[in-house]
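See structure below.
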Amino acid sequence: SKQEIKMRKLDSTKVRPLKSEQLLRIEDHDFALRPGFGGSPIPVGIDVQVESIDSISEVDMDFTMTLYLRHYWKDERLSFPSTKNKSMTFDGRLIKKIWVPDVFFVHSKRSFIHDTTVENVMLRVYPDGNVLFSLRITVSAMCFMDFSRFPLDTQNCSLELESYAYNEDDLMLYWKHGNESLSTDEHISLSQFFIEEFSASSGLAFYSSTGWYNRLFINFALRRHIFFFVLQSYFPAMLMVMLSWVSFWIDRRAVPARVSLGITTVLTMSTIITGLSASMPQVSYIKAVDVYLWISFLFVFLSVIEYAAVNYLTTIEERKQLKKRGKASGMYSIDAVQAMAFDGCYHDTDADMDLTAFSVRCEENATRARAASIPNLAATRIKRKRSLKGNMGRIILQNNHVIDTYSRIIFPSVYIVFNFFYWGLYI
């Protein structure tokens, strides 16, 4: 009646449906129920285009990916007459009024739909009731990484899609175009990884309370670029090991030089190991880089221990020689150990005796030179320099300990063999 029509116009709670909603007859159906409710499961096809992989975090063991997620299904309740058989495209405002699949990302930590400048949602409906529902999403999901071969490792990560409410009896989730359903941008690149493979697969997931669900997998393999770690870890460690070998060529009496070189290389190796561990997750197993760095640290540490052994054996040898020869009288009877405490250098007994005799001869020559003429003084100085050079050369040869001689060959040889085994095993 006219009165009822007038009352409807005055009722402000009633909103007149849009022309599109009238065409789709949204008010005539209950879209809280899935299409074909009570019958066979509704097939929902999925295809994905990966726009970018934004980050890979070893510490958090996750990755962040931006992708276009597209759903395909048929809902006869949305069919409409069309003379040109053209589809209609809508934005996100219509999504809340119809039924859409409730696909979610398994093991996701954070995800959101982009909303700049408007919400990145698209709905396209065809006259026969086929529907295309597309979203632009950024999702951060877990990736269970194995660092036993780090940084010579390859990580396999996957993004998993599944319906939250509808099990396999109500909804059948599948890849729309098989293996071709997953496409990627050609310009995807990462700073530390090379993307070896992108693949799509499917399976089933079981929950004890709700049953079996269809699950889709986006699998990708990441191979790490090693050049960065060669420059930051491997090459510095190798140089420190080689630097520690320099002490084998330094005179065993030069205590400050050899000790300071050994301590410096040990502390530098400790800094390299600490810096690398700070940027890695605290895993309970040994990584490949840990093997290399700790073996290198062991070589540096053994070079310090080697000099400690040389120092100890030299001291014992000098004491035995002093006991055999007896204590010399005068200012030249100072003990070798006491002399080392004054100047920080070893005093080989033979060398000290030679230097003592050489000093006595020098004093006698100096006394004679005072009474001689100036040409005789110049000739004496030339002879003194030549005699000193000959004695110093003999002193250096005599102070080459046998342990240092063997270390010059054994340490580099063993380290080269270790490198052959290491790189052959992990590469």
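Residue 1 is the first one shown; counting continues down the chain.
Cβ coordinates come from backbone N, Cα and C, glycine included.
Positions annotated as domain 'Neurotransmitter-gated ion-channel ligand-binding' by TrEMBL: 26-225. If you look up TrEMBL, you'll see 226-247, 259-279, 291-314, 409-426 marked as transmembrane segment. Taken from TrEMBL, the feature domain 'Neurotransmitter-gated ion-channel transmembrane' applies to 234-322.
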If one takes Cβ-Cβ under 8 Å and requires six or more residues beyond its ends, the residues near the transmembrane segment (291-314) are 233-234, 237-238, 240-241, 244-245, 247-248, 252, 255, 258-259, 262-263, 265-266, 269-270, 272-273, 276, 346, 401, 403-404, 407, 411, 414-415, 418, 422
Could you tell me the mean pLDDT over the domain 'Neurotransmitter-gated ion-channel ligand-binding' (26-225), as a whole number?
-> 91
Taking residues 6+ outside the transmembrane segment (409-426), which of them lie with a CB under 8 Å of any CB in it?
-> 149, 152, 241, 245, 248, 288, 291-292, 295, 299, 302-303
Remote residues contacting the transmembrane segment (259-279) - C-beta distance under 8 A, at least 6 residues beyond either end = 58-59, 232-233, 236-237, 240-241, 243-244, 246-247, 250, 289, 293-294, 296-297, 300-301, 303-304, 307
Work out, from DSSP, the number of helix, strand and coil residues along the domain 'Neurotransmitter-gated ion-channel transmembrane' (234-322).
-> 75 helix, 1 strand, 13 coil
